[in-house]
Amino acid sequence: MLKGRNLIKPNDLTVSEIDEICGLAEQIIVDPNSFSDVCRGKILATLFFEPSTRTRLSFEAAMLHLGGAVEGFSDAANSSTAKGESLSDTIRTVSSYVDVIAMRNPKEGAALVASQYSNCPIINAGDGGHYHPTQTLTDMLTIRALQGGFEGHTIGFCGDLKFGRTVHSLAEAMSRYKNNRYIFISPNELQVPEYVTQELDEAGIEYTTAERLESVIGDLDILYMTRVQKERFFNEQDYIRLKDSYILDNQKMSLARKNMIVLHPLPRVNEIAPEVDNDPRAAYFKQVKYGMYVRMALIAKLVGVL
Ligand code: NCD
């Protein structure tokens with residue numbers, strides 16, 4: 001039963017609940033009109049204490065396509081947080097107006113705290129460098145559509161694996177499926193944190209690390225590119241030194257398999273050259289579309305209308 005539940009980290013959902021949400025998203029893709037009224041009278045609040053384009057707008061578009069309404073803020077400076085209000089008080093207040101809240105906050109653990117004070121489901125739309133479970137659902141729906149399922153993939157995670165919450169979330173979520181293997185491609189300073197590798201060890205996932213993308217790209221079924229997370233660096237010099245560590249271009253793509261797909265949560269900065277956009281293996285703009293449909297499915301389930 002998904003009605004009334006929170007989604008803080010990807011593994012809050014069981015494997016069969018992920019199937020249920022992806023299955024509903026696929027039904028919506030086939031016949032969106034028959035879902036255009038299911039959330040009539042329901043309200044989604046989007047509380048974004050950190051910048052966003054896709055995540056916030058896709059949540060809002062998702063609710064509008066379901067016939068519901070949206071309210072919220074996209075900048076903490078426009079909310080009572082600027083007057084010193086605590087997160088718990090903001091959540092107590094907003095959750096008495098609406099049916100579901102999608103929240104992004106720069107602090108790790110903020111969504112979990114919010115869920116302890118909320119009268120309605122909280123969806124974590126990113127908590128600092130921690131987790132981003134709806135991006136994971138987006139990634140998984142894309143993988144299911146383009147690579148036929150969740151098992152038996154060699155996945156290369158490339159870029160900022162230290163601060164990239166989308167990486168932490170997807171790595172944990174895919175570790176529950178059989179025969180997946182990971183290659184973590186990053187500069188030494190941006191390696192995946194220990195709390196993630198610990199989970200992978202517990203799940204018995206095989207993973208290796210690499211510093212050069214060229215040396216492993218030919219082994220991959222899925223290449224998950226990420227941006228170096230400027231906003232999480234303490235020191236601008238370190239960011240400048242590391243920001244262009246990886247640039248995927250047509251030359252590197254020529255070393256990859258014909259059926260590999262390239263995913264990226266976006267926004268991209270320099271890490272994928274625009275020339276790659278025309279390669280049929282570039283799936284990051286399709287991924288954007290899947291993100292809206294999977295959020296439609298998730299909202300409908302948590303609100304309890306489907
Ligand atoms: C990601 C995020 O916010 O973590 N973006 C997104 O939600 N699509 C990735 C990023 O900002 O690099």
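Just so you know, glycine gets a Cβ as well, placed from its N, Cα and C.
Automatic prediction, not curation, is the source of TrEMBL annotations.
TrEMBL lists 5-144 with the feature domain 'Aspartate/ornithine carbamoyltransferase carbamoyl-P binding'.
According to TrEMBL, the feature carbamoyl phosphate binding site maps to Arg54, Thr55, Arg104, His132, Gln135, Leu266, Pro267. Under DSSP, Gln135 (carbamoyl phosphate binding site) is assigned to a helix (H, G or I) in the three-state scheme. The Cβ neighbour count for Gln135 (carbamoyl phosphate binding site), using a 10 Å radius over every protein chain in view, is 24.
According to TrEMBL, the feature L-aspartate binding site maps to Lys83, Arg165, Arg227. Cβ environment of Arg165 (L-aspartate binding site): Gly126, Asp127, Gly128, Gly129, His130, Tyr131, His132, Gln135 lie under 8 Å away, each six or more residues apart in the same chain.
The feature domain 'Aspartate/ornithine carbamoyltransferase Asp/Orn-binding' is assigned by TrEMBL to 152-300.
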To the nearest whole angstrom, what is the C-alpha distance linking Thr55 (carbamoyl phosphate binding site) and Arg227 (L-aspartate binding site)?
16
Using DSSP and collapsing to three states, where does Arg54 (carbamoyl phosphate binding site) fall: helix, strand or coil?
helix
Helix, strand and coil residues within the domain 'Aspartate/ornithine carbamoyltransferase Asp/Orn-binding' (152-300) as assigned by DSSP:
62 helix, 25 strand, 62 coil
Got a sec? Which of Lys83, Arg104, Gln135, Arg165, Arg227, Leu266, the binding-site residues, have CB under 6 Å of any ligand 1 atom?
Gln135, Arg165, Arg227, Leu266
